[in-house]
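Notes follow once the structure below has been shown.
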Amino acid sequence: MIELPPEAWEALRLSLKVSIVATVLSLPVAIWVAHILARGRFRGRGLLDALVHLPLVLPPVVTGYALLLLFSRSGPLGAVLEPLGLGLAFRWTGAALAAAIMGFPLIVRAIRLAFEAVDPKLEEAAATLGASPWRVWRTVTLPLAAPGVLAGATLGFAKAFGEFGATITFVASIPGETRTLPSAIYAFLQVPDGGAGLRGLVAIAVVVAVGAVLVSNWLAPRIAARVAGR
Amino acid sequence: MLDVSVQHRVGAFTLDVDLQTASGVTAVFGPSGAGKTTLARCVAGLTRPDTGRIAVDGRVVFDGDTDLPPHRRDIGYVFQEARLFPHLSVRANLMYGARRDMDPTDVANMLGIADLLDRRPGGLSGGEGARVAIGRALLRQPKLLIMDEPLAALDARRRETILPWLERLRGAGVPILYISHAIEEVARLADTLVLLREGRVVRAGPLTEILSDPEAAALMGPSQAGAVLEGDVIEVADGLAAIRTPAGVLHVAGVTGGRVRIRIRAEDVIVATQEPQGLSALNTLPAVIEAVQAGQGPGVMLRLQAGDGVLLARLTRRSFDRLGLGVGQKVWAVLKTSGVARSDVGGGS
């Protein structure tokens, strides 16, 4: 077992919690947005597409700053949420939100491609068999897009796990609350005797990232085979 | 059963159809580009016509005010490609549109796919896939079943193996709208024939009547023409079945028994003015020329009354003139045995 200072373990636990919450909560929204981008024909589709991609192209620190403006005590959303005890700024929930937003475009892209690859002829056939549009979506479209959903979720999780810029800007780096693994690595870099903790955390980051890819690669062909009907 | 009056424009093509069908199998026959599939899709609700009215079994599914989505029309649709759901087993495919308490076994047995229920569609042959698609549409218990060239994607041999299954469907009682550009399929399956050309219905009526009408034959293309006779097998010997038809007894190979339907291509009927002697042909019937239709080109189409049956014969204009043929004349119709192609023999109604 790697010798790690307790604050490193704390950072790992926090990072896993933040990235899992971020992925699980953003997935349904991402599936919905990906579907309307893939299949919807409406005014403002281009605008929505651009908006979804914004966190991918903006400097993360700008995204983090925008979140801070929105959710700080004096911000329009923060002013409502803080008195209810639901404030996000400088809390781990804020870190999850930042991670979710940064991973969102990646998840949407992967799932959208999968939706676009589903043959509309099969959906037509389902409709002639008496299935309502919702049932067609649930029983044909979504299952056939499952490999893309998995790919998107993996990407989103990896992105959330490694998110640094927007997170540290929005929720700072409070040990035990918002000091995620990348923030902890950064903090160890700032102190002269942080070498052991630093190396351990970097190793863990590599293991988690590689692990996510391996799990995804193991699952993908199984899902693809199911979907292809073999 | 089905009452359609629709107008629909796609680019330069206009579909303008007015059609009423009875129960049984109605074939919509026409060359590609005639608008057959567009018509079928309008009926099923997959394409919205510009204007018109569609009623199925007395229920209006489309008119100015109503436009029921496909899943609320109670119309089954078998597409040219099987369109099976690849992520579901054959059983789950069959049951997709069925009531939960239904059992797919009977339909699976009827279509010969009972052994495939636990397989995935990815491993099925083209013919098996087509049968699953048909079973799936049947189990949905539609008020009307549309079959849009369900055999067109298969090779001739596979088509041959599926036609008998389709013939069984005739007995299943579901009204069928059968879209096809293959006259052999139509002649074997349909009760009513609708000729569609360039988006319009040019002829509609009982199959045997239209197929024995020289004018309709001209519309369908003379090489496709051929009358259909229905008859009962009375004896089988030397691999040949004797079939009693309204036109007389015919001897045909490859038939085992029961009631059958035979299409006799107009090209395969030879006309003689005297009873032929010393001919190898097995089937020779006395007949009277009822109508003569001279089309463009070198061909002449004759409608022959043989007993109570009708045959079509196609001759060259030169032979017609040389023999001095005319309406009312007594002739002998000589049918080459090979004139009754295996694929044109099928169980009748």
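Even glycines carry a Cβ here, placed using N, Cα and C.
Copied over from TrEMBL:
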type	residues	note
DOMAIN	A:12-220	domain 'ABC transmembrane type-1'
TRANSMEM	A:20-38	transmembrane segment
TRANSMEM	A:50-72	transmembrane segment
TRANSMEM	A:92-115	transmembrane segment
TRANSMEM	A:136-158	transmembrane segment
TRANSMEM	A:198-220	transmembrane segment
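The stretch in closest packing with the transmembrane segment (A:20-38), judged by the count of Cβ pairs under 8 Å and taken from A:50-72, A:92-115, A:136-158, A:198-220, is A:92-115.
For the transmembrane segment (A:92-115), the partner stretch with the most Cβ pairs below 8 Å, chosen from A:50-72, A:136-158, A:198-220, is A:136-158. Taking Cβ pairs closer than 8 Å, the transmembrane segment (A:50-72) reaches residues 33, 37, 78, 81, 87-89, 94, 97-98, 101-102, 104-106, 108, 163-170 in its own chain, all 6 or more past its ends.
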